[in-house]
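Annotation comment: Swiss-Prot describes Cys92, His95, Cys165 as Zn(2+) binding site, evidence class sequence analysis.
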Amino acid sequence: MAGNGSAPDTATHQVRQFDQARAEAAVRELLFAIGENPDRHGLAETPARVARAYREMFAGLYTDPDSVLNTMFDEEHDELVLVKEIPLYSTCEHHLVSFHGVAHVGYIPGNDGRVTGLSKIARLVDLYAKRPQVQERLTSQIADALVKKLNPRGVIVVVEAEHLCMAMRGVRKPGAVTTTSAVRGLFKTNAASRAEALDLILRK
């Protein structure tokens, strides 16, 4: 299992705007570049379709992470909160092909016992997955966003994913799974807490 440090700028975000016309023009040029005719039947609408798909696939670029973790509850809970097997679909920034898998996200609330809704954790995973990504950074961004908003005593994030850039090109090893982890706070400093969380995550 690979551990990760904080990626640069993971706790800040500049909201961007999607340029539909520019994306369509770029896809049209790409079709020319591979020797296709973008005006032929079957491809005439492809630039617009791909642009719309990219807008959806990269929607995380256009959403402020702070808007996702905007609901807190004072539950005075001081034990582990763990959400397992959160499906994720992301796009490798090196080849712009998909990687997909699951995320396991856990945290121990801070001294104030503040927690967020379980659906908010899933939305946070989705937000960071919907960007051009590398798995290591994705894992750290999820962890750092929870640290920033919840001020918890500890955070652990484990992501398991298959990368199509390894399955359909290059070494062509379908089924290979990459596992990354990010630990913060108590899970980084206390081996027993980390082992307990990992046991719960890996238990089927």
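Each residue, glycine too, has its Cβ placed from N, Cα and C.
Taking the centre of the Cβ atoms of Cys92, His95, Cys165 as the Zn(2+) site, the nearby residues of that chain (Cβ within 8 Å, site residues left out) are Thr91, Glu93, His94, Leu96, Val97, Phe99, His163, Leu164, Met166, Arg169. A 10 Å cutoff on Cβ-Cβ distances gives His95 (Zn(2+) binding site) a total of 15 other Cβ atoms nearby, all chains included. Close to Cys165 (Zn(2+) binding site) in the fold, though at least 6 residues off in sequence, lie Cys92, His94, His95, Val97, Phe99, each with a CB less than 8 Å from its CB. With a 10 A radius on its CB, Cys92 (Zn(2+) binding site) counts 18 other CB atoms from all the protein chains.
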